[in-house]
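Among the features that TrEMBL reports, signal peptide is placed at 1-27. Here TrEMBL flags 73-153, 154-262, 263-377, 378-482, 482-599 as domain 'Cadherin'. The transmembrane segment feature in TrEMBL is assigned to 599-628.
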Amino acid sequence: MKLGKVEFCHFLQILALFLCLSGMNQAEFSRSRSKPYFQSVRTRTKRSWVWNQFFVLEEYMGTDPLYVGKLHSDVDKGDGSIKYILSGEGASSIFIIDENTGDIHATKRLDREEQAYYTLRAQALDRLTNKPVEPESEFVIKIQDINDNEPKFLDGPYTAGVPEMSPVGTSVVQVTATDADDPTYGNSARVVYSILQGQPYFSVEPKTGVIKTALPNMDREAKDQYLLVIQAKDMVGQNGGLSGTTSVTVTLTDVNDNPPRFPRRSYQYNVPESLPVSSVVARIKAADADVGPNAEMEYKIVDGDGLGVFKISVDKDTEEGIITIQKELDFEAKTSYTLRIEAANMHVDPRFLSLGPFSDMTTVKIIVEDVDEPPVFTSRLYTMVVSEAAKVGTIIGTVAAHDPDASNSPVRYSIDRNTDLERYFNIDANSGVITTAKSLDRETNAVHNITVLAMESQNPAQIGRGYVAITILDINDNAPEFAMEYETTVCENAQPGQVIQKISAIDKDDPPNGHQFYFSLTAEAANNHNFTLQDNKDNTATVLTRRNGFRRQEQSVFFLPIFIVDSGSPSLSSTNTLTIRVCDCDADGIAQTCNAEAYILPAGLSTGALIAILACVLTLLVLVLLIVTMRRRKKEPLIFDEERDIRENIVRYDDEGGGEEDTEAFDMAALRNLNIMRDTKTRRDVTPEIQFLSRPTFKSIPDNVIFREFIWERLKEADVDPCAPPYDSLQTYAFEGNGSVAESLSSLDSISSNSDQNYDYLSDWGPRFKRLADMYGTGPDCLYS
């Protein structure tokens, strides 16, 4: 059988490994020629163990223990006097030793990936004395690796992205597989990468695991995602090696390689001329296959006759161009507009400029539709003035409005009365002339803002609104008066010429040059000997004293009339009275008391005495009220009102029952005649209600004696019972008696009456009325048949 070069090399490697393992496992001990180890510590003892490391293959699957190696001491003569023992990692549990021969075996399957080596200690003991005959020494058992672990992608599955249109060889992502086998021995951990799925678009570097693009110009718009399967195989990819796989999802990211394009070369939209400013007229959009920032566009109007009337903006969410109105449309002025609109990408990639211009143009035509518009005023706001002295019917001004439509319908005017509640103004319905309807007062309302309505005669629903501001001009129609209510005082010790008050005036009018007031005393007060007035020529005046020696006992209050004149044309005047009180002042001239009674009280009673008298009077009134209340309570009866007394228990039986003939339930004999009632013995502690009831007297009838005796016995028991309620319980038994003046109304006696009623027809009604026919029929034997 001939072997190839590769097979021959493998055979030589296996043979060399077998010979090496056979030589290493023959470890023996040789006896040292030195003195025993228990000699003095000062004498160096030469080791008497000689061995190499032991090796054992992992994953042994045999049924017998796996032979590892042999321990032997040159002290052992083979007579069984020496025994060998093991200690350390795995001793007794994994590794056992034959204490007679020193053979070591592994009893369990070993895995190098779990533990690569074990450190143990060996010792030879005298079997009789159990004392060491050789020093204890360590040795290592190494686990020989085999290829029993496949490569694994610990970070898989992978996701990655690469820009579309990338050149060949563009790196996408690197994948890494790990092999738990020993990388220092053989090829068990040498991994090679290959691609199982994803060709011809991508490739992978066999040694590094780097995935790269393999085709140029991959277009995201055609296909944006690829699924790759990558394999990692150990033993350098040779046959018999173990392998593992992972998936890699590669997404092509977008680049701006598609210019925007309008789906149509022209658009047309119709809009009514009444559309408000800022309203949306149309939304247009240029198609762009790109996404995200690469699809962002800007729109602009580059040409046309509607540059100032319309504008276009971008909706950031939809990338649409929104056309809105900037100015009001007027069908009568212009019926259509044409716009040239350009859409262009905001972010252009220079690498793809060769694909064409990244912009596009379209035409938008906007047709203005005519609508019936309301009348329009010639001015948005009219300003008018009128004097407050104007008479009713005075013309203030004129407003004008017209119908903007081609029909030019006549217009009628009116005032919105919600803006002129007091109806100060009128307007001529045809001419628009505004006149006064009532007298005006600037001080009440200086400016009137009214709304004028203009309605089309042919279509009153079309209403235009105009605004008019009417300013009322002032005239001097208000006299001046004191600026405030003055509280003026003069001290008893005031000196002549002393200032006691400074006054000013106000006027509701509003003259163009401001107010100018003149102050003086009236003719009657001009020569008084107490006070004088000085005009300060600054719209104020000063009140001064003319004498001293003011006394409250003589006069406590002075009234000073002051004459005030304004500077209007014509001028108006008024007389205002200043009240001056005489007061007792301290050394600083501050008033302490201004009551004239302060001097009168010492001559009579003091304030304290008056308060004491008043308190006594109030006390007497309270006592009188208490006495009257107590007397009224004594006169009240002991019996309380039925509605207030919650202890009464009056039970009334007003049900007639079945009539006099109904004696099935109880014996009525005892209740037929209650003709005699004994004299009642009332309780002394209360006033029973029965005293207020009138009782008729009846003659005694023997048949109710038992019933009457029973009632009185129960009444006596209730009177003497301390636990009984404080009031009696009155029960009224109301029955009709033995007879009735109206006699019986029962139909049962109709059989014996002289009634003319004929009941023979009851026998014709069927078996259900047979009983009634027998009772009321007129046959000879119908009654008791």
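The backbone N, Cα and C atoms fix where each Cβ goes, glycine too.
For the domain 'Cadherin' (482-599), residue counts in helix, strand and coil come to 3 helix, 53 strand, 62 coil, using DSSP.
In the domain 'Cadherin' (263-377), helix, strand and coil residues by DSSP number 10 helix, 56 strand, 49 coil.
Each residue of the domain 'Cadherin' (154-262) gets a DSSP state, and the totals for helix, strand and coil are 3 helix, 45 strand, 61 coil. Under DSSP, residues within the domain 'Cadherin' (73-153) fall into helix, strand and coil as 0 helix, 35 strand, 46 coil. Mean predicted confidence for the domain 'Cadherin' (482-599): the pLDDT average there is 88.
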